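A.B. asks: Dropping the structure in here first, questions after.
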Amino acid sequence: MKVAVGPDPSLVYRPDVDPELAKEKGSFRNYTSGPLLDRVFTTYKLMHTHQTVDFVRRKHAQFGGFSYKKMTVMEAVGMLDRLVDESDPDVDFPNSFHAFQTAEGIRKAHPDKDWFHLVGLLHDLGKVLALLGEPQ
């Protein structure tokens, strides 16, 4: 089965494509001020509050049986188009773009490690559970 993915999503949101529009490097990862700070703070507070062994065991029991939905990896990546990473103060675009950017960045830095490129693409796929009502 062929899947049409369109143009390379990693090219859509790149800070280095247009130097006139690029943010200064020091303005990235600003966790002290900005319009997204409350969203980021709340996301990390929830993660740190609920990431316990008991919580993970409950979620594993809930989702570990793979009974919610079956899909291909590319279908899951496509679902990330409906999500924006709530934990990243620099991101206001869909997580699928972030997945491709990460994979492409890893490919450029480590061209000989194809397994690592795949990890970059897959690293946030668990966030599709947010579409089932789970917090990010």
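Each Cβ is built from the backbone N, Cα and C atoms, and glycine gets one as well.
Caution: TrEMBL annotation is automatic and unverified by curators.
Just so it is clear, the model here is predicted, and its values are computed rather than measured.
According to TrEMBL, the phosphoserine annotation covers SER33. Taken from TrEMBL, the feature Fe cation binding site applies to HIS98, HIS123, ASP124.
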A.B. asks: Considering the binding-site residues HIS98, HIS123, which residue's Cβ sits among the greatest number of other Cβ atoms within 10 Å?
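C.D. replies: The residue with the most neighbouring Cβ atoms within 10 Å is HIS98.
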A.B. asks: Under 8 Å Cβ to Cβ from ASP124 (Fe cation binding site), same chain, six or more residues apart: give me those in sequence order, or none if nothing qualifies.
C.D. replies: LEU80, ASP85, ASN95, HIS98, ALA99
A.B. asks: In which DSSP state, out of helix, strand and coil, do we find HIS123 (Fe cation binding site)?
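C.D. replies: DSSP assigns HIS123 (Fe cation binding site) to coil.
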A.B. asks: When you average the Cβ positions of HIS98, HIS123, ASP124 for the Fe cation site, which other residues in that chain have a Cβ within 8 Å of that mean position?
C.D. replies: LEU80, ASP85, ASN95, ALA99, THR102, GLY120, LEU121, LEU122, LEU125, LYS127
